[in-house]
Amino acid sequence: MDATSAPHRIPPEMPQYGEDYHIFEMMQSMLEQLLIHQPEDPISFMISHLRRNNDNVPRVVILGPPASGKTTIAMWLCKHLNSNLITKENLLEREFSLLSLEAKKHYQVYKRVPNSTLVSLVQERLNEDDCLRRGWILDGIPERREQALMIQTLGLAPKHVIVLSAPDSVLIERNVGKRIDPVTGEIYHTTFDWPPELEIQNRLIQPEGISEIDTAKKLLEYHRHIIRILPSYPKILKTISSDQPCVDVFYQALTYVQSGHRCNAPFTPKVLLCGPMGCGKKLQAALLSQKYGLVNISCGQLLKEAMAAESSLGDLIEPFFEKRMTVPDSIITRVLTERLKQQDCIQKGWVLHGFPRDLDQARLLNSMGYSPNRVFFLNVPLDSILERLTLRRTDPVTGERFHLMYKPPPTIEVQARLLQNPKDSEEYIKLQTDLFYRNSGDLEQYYDRAIIVNGDQDPYTVFEYIESGIINPLPRKVT
């Protein structure tokens, strides 16, 4: 590169390509695996790693006290994510494994498995092809801090650790009524989850060691070990209360497992705000611009600026404004392209609102090479929109704007001279809102990773939701 031609500017296509294909994350993952496994032939190792394409498979650890429901949640997660459930029981029952046979004999005599043996069983299972391809969910493993450290030393690092918690009194009550279906392995309860089928009821069995005294002993042992395990997973740990319906626990666990952790990859926000008029797009765009320095791009404002500048594009726009007609998409995209390709948008990122309004415009924006990496739909009921807009008034003398409910005029004299913008009439608002929602379904389907935000709340609460959606990685879709 010629040093005399500085300053050098990276073409905008390069970071866009890296972001689209997750180049940074891919290189980071390969480097991690190289340092963990230290292969003699790094090139062949990296090629096989790329062919495996398993960076995003679930690697989850679920911990919790007896009767917390961790096995049920783990089974549901496995079915939903098409992953492999790994428990101490199925590790001991594996066929064609000498290690499992030895561990089972030891367990039958001493009622426990040595730490090193259990970790070796875990390593053996996780290195099998189905676990490499589809990921794994460890149920109740590790049981002790020593096991957690040994697993980490082997480079078997989970991406998400879920810890279920509930009061001991609740857990004891649950455990006493626990029943197991020997055919399917499903867990039922005499009070909370009794099967309706008589056939299943008749074959249920009561597991050993679920009396109140036995459960209290197990809880005591669990509490003694869990406080030493948790510091091993400081940044990937989430505690979920299991003293709630099982479906709610599962939903929280699934949401966490599908979420990604923050990455060090370079990220330039390109935000699109969609919503009906009066939903607060302009305010949210201004707040994002103020806090993060994003370039605030209002499509309508851009068209007015182009017309005021008396440019060639402005001459094309002016007749449509004078006749109050919709500006053609071809002209709008030319104005947008001129703005989005400027250096401040490339360096700082941007927040766009007012375009696209329908599916064709969304496809047009994407074909221009300016697809957003965060899309938010602000949903507000029509009643709230009417309340926000129809009560707006302007003082023609001072230019000050009022709202008859939230910011009333100070005197009767001022109130008497207030005027309403024709665009704030109820008929016009209903027409525009109906037009937006007629096209919003196609837009939401096109931007299938968009985030839906309830815009009918305090604007700073809405901003916090949008901010969270920008800062945190988008949740992964289950295929």
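Along the chain as shown, the residues are counted starting at 1.
Positions of Cβ are set from backbone N, Cα and C atoms, glycine also.
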Where Swiss-Prot shows Gly278, Cys279, Gly280, Lys281, Lys282, Leu283 binding ATP 2, which of Arg174, Arg392, Arg393, Arg401 is named for the same site? Arg392
Ranked by the number of other Cβ atoms within 10 Å of their own Cβ, which of the binding-site residues Ser68, Thr71, Thr72 ranks first? Ser68
Using Cβ-Cβ distances, find the residues under 8 Å from Pro142 (AMP 1 binding site) that belong to the same chain and are at least 6 apart in sequence, listing them in sequence order. Val61, Ala148, Ile151, Ile229
Inter-residue C-alpha distance, Pro356 (AMP 2 binding site) and Lys281 (ATP 2 binding site) (nearest angstrom): 13
Grouping DSSP H, G, I as helix and E, B as strand, the residues of the region 'LID 1' (177-206) number 6 helix, 8 strand, 16 coil
Can you tell which of the binding-site residues (Gln147, Thr326, Gln361) has the fewest other C-beta atoms within 10 angstroms of its C-beta? Thr326
Please report the three-state DSSP label of Gln361 (AMP 2 binding site). helix
Can you tell which of Ala67, Ile141, Leu283 has the most other C-beta atoms within 10 Å, given these are the binding-site residues? Ala67
